[in-house]
Amino acid sequence: MFSLPALLIGACAFAAAAVAASGDGCRAGCSLAIAAYYFSEGSNLTFIATIFAIGGGGYQALLPYNPAITNPDYVVTGDRVLVPFPCSCLGLPAAPASTFLAGAIPYPLPLPRGGGDTYDAVAANYADLTTAAWLEATNAYPPGRIPGGDGRVNVTINCSCGDERVSPRYGLFLTYPLWDGETLESVAAQYGFSSPAEMELIRRYNPGMGGVSGKGIVFIPVKDPNGSYHPLKSGGMGNSLSGGAIAGIVIACIAIFIVAIWLIIMFYRWQKFRKATSRPSPEETSHLDDASQAEGIKVERSIEFSYEEIFNATQGFSMEHKIGQGGFGSVYYAELRGEKTAIKKMGMQATQEFLAELKVLTHVHHLNLVRLIGYCVENCLFLVYEFIDNGNLSQHLQRTGYAPLSWATRVQIALDSARGLEYLHEHVVPVYVHRDIKSANILLDKDFRAKIADFGLAKLTEVGSMSQSLSTRVAGTFGYMPPEARYGEVSPKVDVYAFGVVLYELLSAKQAIVRSSESVSESKGLVFLFEEALSAPNPTEALDELIDPSLQGDYPVDSALKIASLAKSCTHEEPGMRPTMRSVVVALMALTANTDLRDMDYHPF
């Protein structure tokens, strides 16, 4: 029944594929890479120099890379501070043969800001340049608690040294985490790459990132402080496996072969036991047995699709069917079993995020929450949702191919979204916190009714009650995150804050972070702009300057002022001073009662 030589060949092939796929297969790193650090409120150059272990002059060493900083004591919030660091060829502790390019920055413990001793707390200081999951994978400490004292954490920040298959001209690269509204193309243009040929080159350095907005890390060639590009070092990069990787393949295939022999023995023993006890065949169990046995996960409420069915429906995941790209995977449109669907495709490394979203969406069912249809766990992880065919709120507000929204439509969208959040916060046990509420995650159907989407991707957290706060990793989108989020504190009031920002977006049609120029150095948050207007001697007049001009004055001024005041309450700096979503729904229902919704039957395109 089983061929041992075939098993050995298969084991070696599997090991080789696993090693080749799990890392870059790098042979060497490069002496220099640059990180684009998002400068947030409370940061300073000394702190940045400390967490990047920059010696020999401290923050002074940062100044040659940041000529725009003329006063080290004053850096505008939202600016990117460029930080040099060495880019090395590293191996994962659990699989040394799996190599990848990253900076390994020694992080002293206890933490400089104090009070944190988890990977979440460490990652929170690096403004999306790394994640808690990445730190856990590249360090030996358990995730629950990192010992203090003289210990240290190696902070791994992905980097690039170039690729000889793309161009020999570039060997110095910027590691740039995208924030809301940014894309690979916009960042590349900011650093001088704007022609079609240059953009094609940048996309080759960043496969799969074209058009992605606000999520993920991109690599951009940059000049050194002398204004010169570093050429790629000859032979410094490549995809051939290192000697360590080859050794790893040999060891892995032997180990897999031994395990295979053990499994064969156990299989025959199990068959005998099965015959004696008349137990059912294991083939009756699904790929998610372990997940379905976990508390609260009820996959029987969703359809399990086959990989073949999804592959055929998307025409082999063709670009014609691709409708989106996120930090954890791609989204495709397809018709499955007569229903229009949106299919999120994730790698196996996103198992935790996949299970989190599956757990939530098999529990919650509401008109204003996107509906999960099914899933698949063959080859990759797939979540299948209902397809919402009128885009998202951000697209309508930015008018990317859409006509302006009427005032009545905006008020109804606000109420729909608030009801979805109220359901999560008030009517589900345990309570769920979305953690990434924003206009891009509010989908609109053909009748302009709103549905909240994007629950997974590690942005969903259970809490025991409305008053309880849970410390976890930082997640969310810049511009929508409340002050407490930077310390990993999560409660339903995090969603309330983000919803307040969405209300400001509905009023102004501006993005959560407003740039007064192409440079990120002149950026202000909507929260700041509206608070400034509401504190003016004549709030109504100041507010009129922020209201979306496409409304052409066709809105009730008193209602606009009430929504702005409600948004201000939602974005209060103190979580305890923010209203509950139930209170927000009541306030918006009162507004809709006074708003003429007859034009909701008219849908401009």
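Each Cβ is built from the backbone N, Cα and C atoms, and glycine gets one as well.
Look at Swiss-Prot and you will find 1-20 tagged as signal peptide.
Taken residue by residue with DSSP, Asn44 (N-linked glycosylation site) is part of neither helix nor strand, so it is coil. Annotated N-linked glycosylation site per Swiss-Prot: Asn44 (among others), in sequence order.
The chitin binding site feature in Swiss-Prot is assigned to Gly115, Gly116, Asp117, Thr118, Tyr119, Asp120, Ala121, Pro142, Pro143, Gly144, Arg145, Ile146, Pro147, Gly148. Taking the Cβ of Ala121 (chitin binding site) as centre and 10 Å as the limit, one finds 21 other Cβ atoms among all the protein chains shown. DSSP assigns Ala121 (chitin binding site) to a helical segment in the three-state reduction.
For Asn154 (among others), the entry in Swiss-Prot reads N-linked glycosylation site, with the evidence type sequence analysis. For Asn154 (N-linked glycosylation site), the number of other Cβ atoms no farther than 10 Å from its own Cβ, over all displayed protein chains, is 17.
Annotated N-linked glycosylation site per Swiss-Prot: Asn158 (among others), in sequence order. Counting only same-chain residues six or more apart in sequence, the Cβ atoms lying under 8 angstroms from the Cβ of Asn158 (N-linked glycosylation site) belong to Phe100, Leu101, Ala102, Thr130, Thr175, Ile217.
Across the domain 'LysM' (174-221), DSSP assigns 17 helix, 11 strand, 20 coil. The domain 'LysM' annotation in Swiss-Prot covers 174-221.
There are 6 other Cβ atoms within 10 Å of the Cβ belonging to Asn226 (N-linked glycosylation site). Annotation comment: Swiss-Prot describes Asn226 (among others) as N-linked glycosylation site.
Sequence annotations record features per position, and here Swiss-Prot assigns transmembrane segment to 246-266 based on sequence analysis.
Among the features that Swiss-Prot reports, topological domain 'Cytoplasmic' is placed at 267-605, with the record citing sequence analysis.
Residues or ranges marked as phosphoserine by Swiss-Prot: Ser278.
What Swiss-Prot lists as domain 'Protein kinase' is 317-591.
Positions annotated as ATP binding site by Swiss-Prot, on the basis of sequence analysis: Ile323, Gly324, Gln325, Gly326, Gly327, Phe328, Gly329, Ser330, Val331, Lys344. Taking Cβ-Cβ distances under 8 Å and a sequence separation of 6 or more, the neighbours of Gln325 (ATP binding site) in its chain are Gly208, Met209, Gly211, Val212, Val331.
In the structure as shown, the Cβ atom of Asp436 (active site, proton acceptor) sits within 10 Å of 25 other Cβ atoms. What Swiss-Prot records for Asp436 is active site, proton acceptor, and it gives sequence analysis as the kind of evidence.
Local packing around the Cβ, expressed as the count of other Cβ atoms within 10 angstroms, is greatest for Tyr119 among the recorded positions Asn44, Tyr119, Ile323, Gly329, Val331.
Asp436 (active site, proton acceptor) and Gly329 (ATP binding site) have their C-alpha atoms 16 Å apart, to the nearest angstrom.
Taken residue by residue with DSSP, Asn158 (N-linked glycosylation site) is part of a strand. Straight-line distance linking the Cα atoms of Ala121 (chitin binding site) and Asn226 (N-linked glycosylation site), rounded to a whole number, equals 36 Å.
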